[in-house]
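Features as listed in TrEMBL:
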- B:75-80, B:109-113, B:133-134, B:146, B:155, B:173-176: NAD(+) binding site (BINDING)
- B:188, B:251, B:268: Zn(2+) binding site (BINDING)
- B:71-183: domain '3-dehydroquinate synthase N-terminal' (DOMAIN)
- B:185-328: domain '3-dehydroquinate synthase C-terminal' (DOMAIN)
């Protein structure tokens, strides 16, 4: 079992990474149990993950004397809304869970974001644990404490910064992950290299076949390195007043793609893949990124099995969706750009370079 | 203008108290404007308060160059739910409010709790200002950062600890307050004396006629002293891990009364009035409080124009409602008791003393 610390003062926590953690009672006792102080533990999961991983976790917790409340939601980004968040509150209140309950998020990013937000709001805050089961949630949403739900007018518009007590990453869960979701996770891994570590980007590019073939050493390496990069950025700026925004590279365009197509049509990571291409094109048009680097980036994104061509929603639709994007300040739309591979910069952009970039989405 | 500081480290803020603050441009410039850094300001209020106080505030803010988004909700505890919280998010998103927006809560406790929770969740947190216009919200909910909404299975079950940037208390707004709501505010004022300051309790008891006649010096004195008491308790225990729970004196029973009768049937302060009588009876049955003190407390609550007889919901209904009360730990129901007037103690109680106390609600 490897560990990475996320250093956030009194909100610091540990990320445990290992293969088979969920079946390993010693590991669960050491990593999970100290965060379950009360008698009741609520496990929030979805209809896809529950048949695979819920039962051994329930058995373990019941064996150590806990009362387990399972709350099973439907699977998908389209259910990341108030109505389904309410089901978590319903389950907790119907089972008379007090402030001493611990919530466990067992699933991908949607489950993690919703469970974390439910924990932040239930009786004004109860402890929670992340057990991410997709590559994307393991390298991204399980680190940093961003929680929330979507609003019909924008993604993740309602939420909280709320840190888990601990994160358990069992790399064995990736064996049951569909290839499309594996690719979606690779999008964030590529992003980590692009914004912070050119050698890592090159390593990921060269190791892509092994990663897509689920080579466990390669996966353990990228999960650890991506978690380290994200943890360092978050530790420097927990509430996104500045630096943390670089983690949104590809996401301003990506959110517009998701909103324009309807949440759930593309996976988040797929939208980020095509969104990173647009952000790289914009960086190239502003003369921050060479054409050679732009092509390298597009090739790596394609090699990960991700879309590199954003959908043709119409230029105005892109602008409208980005206008409500949460990174939009009072002056113009703020983008994360690449000043070469491995260096991110934050800049408000409008006018011709942006219109030219969006024009590349109009394929006929 | 008097000021009271609430000392919460980096979340510290100032409470300004004065008559006519809302009409005083110098006071608004000094106390309000520094908390409105962005171009947009959203004022959340209700259909009762808006005709009285919205227009001068909008005029002032527009005169200093702000774009004002008014969001007007229906008036009443029964609207303190997700559907109406959603209207705040709708208003903010439809008007393209970014993270730089400031939310102003203009109204009573329901508006303050909902606006504060909306500010806590909108884009994971934007600044907000409290302008409480009822006595109850001025002495209670505007201090301490408890925000939230009700759930069908319990009051304030969904919420956040989230502190305002500043609080403006204009005592002139009490001139338009219905007598019943004035009494509801006196409930929390009586509570502050009972849990923390016996001399203050006696002063409030003796000054009750002037308070109910809206004597402005008497009102300014109680608002300042109650805010000081509450601020000191909150500063010692912001997230209610211990001491802060004493502020819930009368509230465990009170919440059961509100839930049992349906939210909005009695005002919150009325339920707390009758709830404090039950808590005093329980304290007496446990031999912490003399019969003389018990009668003094009942007389003062009656003199404030508050109910002293809790409704006959049935003993089991009380127990059921208190079982989900957020102060309920894993072991029994936790009550705030009086160890004499001016001294609160926290204790889990069940069995005969509790049943005997609840039996007093069965009037035939």
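Each Cβ is built from the backbone N, Cα and C atoms, and glycine gets one as well.
TrEMBL does not curate its annotations; it predicts them automatically.
Recorded features from TrEMBL, shown on the structure.
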{"residue": "B:75", "record": "NAD(+) binding site", "contacts (Cβ under 8 Å, 6+ apart)": "B:46, B:47, B:48, B:49, B:107, B:110"}
{"residue": "B:78", "record": "NAD(+) binding site", "contacts (Cβ under 8 Å, 6+ apart)": "B:262, B:263, B:264"}
{"residue": "B:109", "record": "NAD(+) binding site", "contacts (Cβ under 8 Å, 6+ apart)": "B:132, B:134, B:136, B:137, B:140, B:141, B:268"}
{"residue": "B:112", "record": "NAD(+) binding site", "contacts (Cβ under 8 Å, 6+ apart)": "B:105, B:130, B:132, B:137, B:141, B:142, B:147"}
{"residue": "B:173", "record": "NAD(+) binding site", "contacts (Cβ under 8 Å, 6+ apart)": "B:22, B:52, B:53, B:133, B:134"}
{"residue": "B:176", "record": "NAD(+) binding site", "contacts (Cβ under 8 Å, 6+ apart)": "B:52"}
{"residue": "B:188", "record": "Zn(2+) binding site", "contacts (Cβ under 8 Å, 6+ apart)": "B:136, B:139, B:140, B:226, B:269, B:272"}
Which is it, of B:251, B:268: the one of these binding-site residues whose Cβ has the most other Cβ atoms within 10 Å?
B:268
Kindly assign residue B:78 (NAD(+) binding site) to one of the three DSSP-derived states: helix, strand or coil.
helix
Cβ-based neighbourhood (8 Å from the centroid) of the Zn(2+) site, residues B:188, B:251, B:268 excluded:
B:136, B:140, B:187, B:191, B:250, B:254, B:269, B:271, B:272, B:275
Give the number of CB atoms, excluding that of residue B:134 (NAD(+) binding site) itself, located within 10 Å of its CB.
28
What does DSSP assign residue B:109 (NAD(+) binding site), in three states?
helix
